[in-house]
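Trainee: Submitted below is the structure of interest, expressed as structure tokens.
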Amino acid sequence: MGWGTELWDQYDVIDKHTQSGLDLVEKYVKFVKERTEIEQTYAKQLRNLTKKFSLKRGSKEEQECKFSNHQAFLDILNEMNDYAGQRETIAESMMLSICLELTKYLQELKQERKTYLAEAKKAQQSLESSYKQLDSSKKRFEREWREAEKANQNAEKADQDINATKADVEKAKMQAHMRSHTAEECKNDYASHLQKYNKEQNQFYFTDIPHIFSKLQDMEERRVRKLAEGYVSFADTEKRVMPIIGKCLDGITKAGTSTNAERDSQILVEQHKSGFERPGELEFEDYSQGINRASSDSSLGTPKGPMDLLGQKKNKLWPFSKKKIFTPEKFMPTVSEDFAHLPPEQRRKKLQQKMDDIGKELQKEVDQSEALEKMKDVYLKNSQMGDPSSLEPQISQTATNVERLRGELHKYESWLMEAGGRGDFRRSSINNNSHDKSSPDSTLSHEGKSDPQAIYAEFDEDFDEEEIFAPIGQCTALYNFEGSSEGTIPMQEGEVFAVVEEDKGDGWTRVQRSNGDEGYIPTSYVRITPKM
């Protein structure tokens, strides 16, 4: 059923209905805009909330992040920040796919509707104009016909009047004939206008209006379908981010289940245990027999009593004191370089940490020394690049720094041994990176400097056996390699090796043959397959 055939006489109804449809689209667009504002406000509030509870750099709470329950809370904050981002994505998608698109489409519909209604109005005005002409010709015909009848009656009266002259009779007849002729012309004109109007009316009601109303119907149906797409998009927009939101929520669940109460307790112990033994029993001092000033020495370095740890009043028990050990300045021991002022366990940790820091600094100096030597070799081979002698001050300073750091490392190791620990300095980072960037067997070649690995020779007795590397993948040789330099091994195209150490950025990979031979090969000469 079409509007053009069934609603041919309901122009006003169609006008109001199509306008109501456009109003609905406009209302829906406004609804979605307010929804996006809610989403954006919600996302902003979530971000502010996570920022409020996130750790600030340098805060005391950073130390607590080592505990799983504290770290889990940070993970939850991160997930909530990502969740806020997804809410922003929903708002942006709705604004683009619904608001902007429907607003543009609405403007097109308004213009289209305006055009169709203008066509209908124009057709109606044309028909009304034709009808006015018809009505005018009809009235003129009616008027002239009455005048003609009147003239004929006057002619008949004059013809029957015996007193009328022949001229009067002829004049009356002539007048009647002229009126009749004019009336006949008006009749023909009226008939012509009537035929024209009927044709235009038929065109209007059976062709023009049905065609215009059908186009309005098509426009309205397209509007409904487009609006329906907007309704569906409202849900699909959120559905598309639901999997990501689900992952955020799964991340929160994972953070909750990843907490380990026992591990947190152990971390607290490792961080704060002093290493002291519990005080021994105090001896009875019999003042009646003289004061016995000796006290129980249960362990080396153990305080003589609980109050000796703090220097506090004796009416306060040490384990439950609200004041921290070593915190008050007047009771704080003098800080020494060997950390002897700390409890044994804390001292060992500090010394080990200090050794690690020195080792990193030492590695940096070794790398810088190698780089300077390479640059010096380049200058020697090509004087246009620079003057080799200009590098001597830097090379000398680097050598001095290496010797100084080596001495400090030895000093801290001796203190660590004294504190009851082992000199287990992490050498692997230096051993792995001490190779030349262009050849694995690089050494410090300038005068007065020894092999970088010799720096740690004095610590070798602390290692019972050579470090064993587990294969981390396989590699296949793409080209032949002679391997003439020390530390490298030759290879043939197609040969397969086990990768025991990945490329550290120097262009060399450490591999092992099936017979146990190990060495370095160029990374660019092989195709590496990670171990699954």
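Yeah, the Cβs are placed from backbone N, Cα and C, and that goes for glycine too.
Unlike curated entries, TrEMBL annotations are predicted automatically.
Fair warning: this is a prediction, and the values are worked out from it, not measured in the lab.
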Trainee: Would you mind telling me which of 292-313, 380-401 TrEMBL tags as region 'Disordered'?
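Mentor: The range carrying the region 'Disordered' annotation in TrEMBL is 292-313.
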Trainee: Pop the mean pLDDT for the coiled coil (99-203) in here, whole number is fine.
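Mentor: So the average pLDDT across the coiled coil (99-203) works out to 90.
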Trainee: Kindly report the helix/strand/coil residue split of the domain 'SH3' (470-531) according to DSSP, in that order.
Mentor: 3 helix, 29 strand, 30 coil
